[in-house]
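Trainee: Dropping the structure in here first, questions after.
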């Protein structure tokens, strides 16, 4: 088994945990690939340094919060490389393991006592370029105190004309992120669906909607003189303006996660209490 490690590098506790994990893997004769950003913090392992775009591990340990997972997934999901996420963030809805449980879980990993969970992603077309999101696309105004006027269609049928502070189009994985804070439902990741959630809509009858994942969702911008920003998984920002159009569809590339037990609802409930 070859194991990769991608980590947040702005937190000393994460770097210390990385060092401990690396030593454990070496002691167990495991081949290790380390993200080149990590080896800048741990130069003693520079011989194991690999650019994230060239990682070819069987499984990648992702040490950080949901942001670290989303960053890693952009490069790993096209290669179908599963992630084992270790929570060194705040709440961590995408993470599987707490630091105090890491060695128990590594023992299970090396014994192949785990399963792989597949999660839906969405492809987003903006300015003739396709992007993939695991959590969500967020559309928001770039002008403070202004609202967006949007037309939302599903398979060419107009669903709503939305006047709101913004709009979220989420996967089930993203339903516990910004979408939940905006009043959207928590959706089991086994559900093959996309969720459309307006942010502070002007009309009271503009409500969240769940649509089949294999639908084509189109968002069109209706008012001249207004500009906005499209934010993809909190990482990529794209500007848009009048008559701009965004399309979303189910991605052919799923995300893959290492899991040790099926406990989605228990995990969500516990993390909501902590959050």
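Cβ atoms here come from the backbone N, Cα and C positions, even for glycine.
What Swiss-Prot shows for this protein is this:
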type: ACT_SITE; residues: 66; note: active site, proton acceptor
type: BINDING; residues: 66, 67, 71, 135, 136, 146, 163, 165, 176, 177, 178, 179, 180, 181; note: NAD(+) binding site
Trainee: Are there residues of the same chain, six or more positions away from residue 136 (NAD(+) binding site), whose CB falls under 8 angstroms from its CB, and which are they?
Mentor: 168, 169, 170, 171, 174, 177, 178, 179, 233
Trainee: For residue 163 (NAD(+) binding site), which of the three DSSP-derived states applies: helix, strand, or coil?
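Mentor: The three-state answer is strand.
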Trainee: If one looks at the chain holding residue 71 (NAD(+) binding site), which residues at least 6 apart in sequence have a CB under 8 angstroms from its CB?
Mentor: 6, 235
Trainee: Rounding to the nearest whole angstrom, report the longest C-alpha distance spanning 66, 67, 71, 135, 136, 146, 163, 165, 176, 177, 178, 179, 180, 181, listed for NAD(+).
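Mentor: Among the residues the record ties to NAD(+), max Cα distance equals 31 Å.
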Trainee: What is the number of other Cβ atoms found within 10 Å of the Cβ of residue 163 (NAD(+) binding site)?
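Mentor: So the number of other Cβ atoms within 10 Å of residue 163 (NAD(+) binding site) is 16.
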Trainee: By CA distance, which of the binding-site residues (163, 176, 180) lies nearest to the residue listed as 'active site, proton acceptor'?
Mentor: 176
